[in-house]
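> In case it helps, TrEMBL gives these features for our protein:
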type     : residues : note
TRANSMEM : 12-30    : transmembrane segment
DOMAIN   : 100-354  : domain 'Amidase'
ACT_SITE : Lys146   : active site, charge relay system
ACT_SITE : Ser221   : active site, charge relay system
ACT_SITE : Ser245   : active site, acyl-ester intermediate
DOMAIN   : 375-483  : domain 'Amidase'
Amino acid sequence: IAVTVPTMRVSLPFLPTLLCCSAASLLLLLRWRRRKGLWRKVKEARQRHDRGLAQMEKAALGFRKQHPSVDTVSILSLPLPELSRKLRDGSLPPEQVFYAYVGKALQVTRETNCITDYLQESETQLQQAARPGQPGLLYGVPVSIKDSINCQGYDSTIGFVSNINNPAAEDSVLVQVLKKQGAVPFVKTNVPQSLVSYDCENLIFGQTFNPLLYTRTPGGSSGGEGALIAAGGSILGFGTDLGGSLRLPAAFCGICALKPTGNRLRYLVAAVGPMAKDVESLALSMRALLCEDMFSLDSTVPPLPFKEEVYSSTQPLRIGYYETDFFTMPSPAMRRAVRETKQLLEDAGHTTEVLFFLSSTVEDLWSLHYEIEESCHKFIAQWKKLNLDVMLCPMLGPALPVGYPGKLSVAVSYTILYNCLDFPAGVVPVTTVTTKDEEELKGYKGHFQDWWDRILAKGFRGSVGLPVAVQCVALPWQEELCLRLMREVEKLTQEKNRLL
């Protein structure tokens, strides 16, 4: 029996269609496999994160079990200058300090989700570190490090999945110098994806929350640092500032921070600077970092040691100030913070001078980026014409709700100005939002009365009790003068509060 098997022939006109369909299917398959691979990396990073927290818990509980008499509450209550003195003179063992902060940091991150990595080598560093004859200024001090700053053996993801499983080959210069000064880096902290937001959320580690009010952002991009330090889980931390990334988290969380001149410390695309609960802690960290180790490890950093005579001076200051930059209208609490601080400074014998030239400088910087250098020269010329030492400025606040920074990038005008000019700038908390501030907010319209102004007014609402800061600014390379104004503001504010 002869069987004829029919064959199917595809006519030529259908061939391109089939090829296109096959190519599309292949592309979808490749995309699916790539996405699956990326989520596998995220899962690995989260598991590594969880193992790190488990190790923190094991370490803290183990030490507490072996040393039940150690008073961790007292250790955690010590300000950095006093803690440092006790560590250096041997009256307080570094192990007690380290494990006290490991335990507290674990508690804080469970509440705010601020830690990305536990640097387990810190336990080894602590065990191997014999107390030298002349211990460094930060001997035995546990410090926290922003995700984007390299620590050997750990990822610096800046929130990007593609950076997972790409550990740093060596410590950054900052971390190397901290270790040479005896500090013990023990955790890395969360950031927003790409660092260009002042919120603090990414696909790998999720959202970090403000420890003062969990519905509010801690700020960014050094938001993990802000949350951890404000809640007591770290006594000293380091971040970077591209447009306010140190100052915004500090202001939102009620702590202090200093953005130095770009290259006063190692420049990592953004200025590197310290965050702490008080100004003297910032000054101590700058004394420690501006040393021969820093200058020899990084030849791009100018060899300018900390000028103690400038910081410690008691001579009256000539202080310029302004209440608005005419771009982002300040909240009632922001305006009041500047006014009250200005009055305190005048009462203490300092001279103040209201500034009007900021309006056209700010406009230049926002309209034509290439004119920044010319604007900087104009700004400095006006500053010197008025014979100013330092400047007092508003600082965005109070903390906005989670998610709002993504809608309000324009609100960084108060901070980004000093990144463009490359002036040192720091923030100090001086007050909290009052019910009167909240009532006055009902009349907030903004300078332009546009969509952004309406969103910002909404974000400011419901903030009674949250901290509000002021910003202190000096000319380039005058960090000590900036810190001096910050210290004066802090001291006068504390004296005022004691009388209330």
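Note that the numbers count up from 1, one per residue, in the order the chain is shown.
Just so you know, glycine gets a Cβ as well, placed from its N, Cα and C.
TrEMBL labels come from automatic prediction, so no person has curated them.
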> Which whole-number value in Å describes the distance between the Cα atoms of the residue listed as 'active site, acyl-ester intermediate' and Ser221 (active site, charge relay system)?
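About 5 Å separates the two Cα atoms.
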> From the Cα of Lys146 (active site, charge relay system) across to the Cα of Ser221 (active site, charge relay system), what is the distance in angstrom?
9
> Measure the Cβ-based neighbour count of Ser221 (active site, charge relay system), defined as the other Cβ atoms within 10 Å of its Cβ.
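So the Cβ neighbour count for Ser221 (active site, charge relay system) comes to 35.
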> Near Lys146 (active site, charge relay system), which residues of its own chain have a C-beta under 8 A away, given they sit six or more steps off in sequence?
Lys188, Thr189, Val191, Ser221, Ser222, Gly224, Glu225, Gly237, Phe238, Gly239, Thr240
> Let me know how many other Cβ atoms fall within 10 Å of the Cβ of the residue listed as 'active site, acyl-ester intermediate'.
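Taking every protein chain into account, the count is 35.
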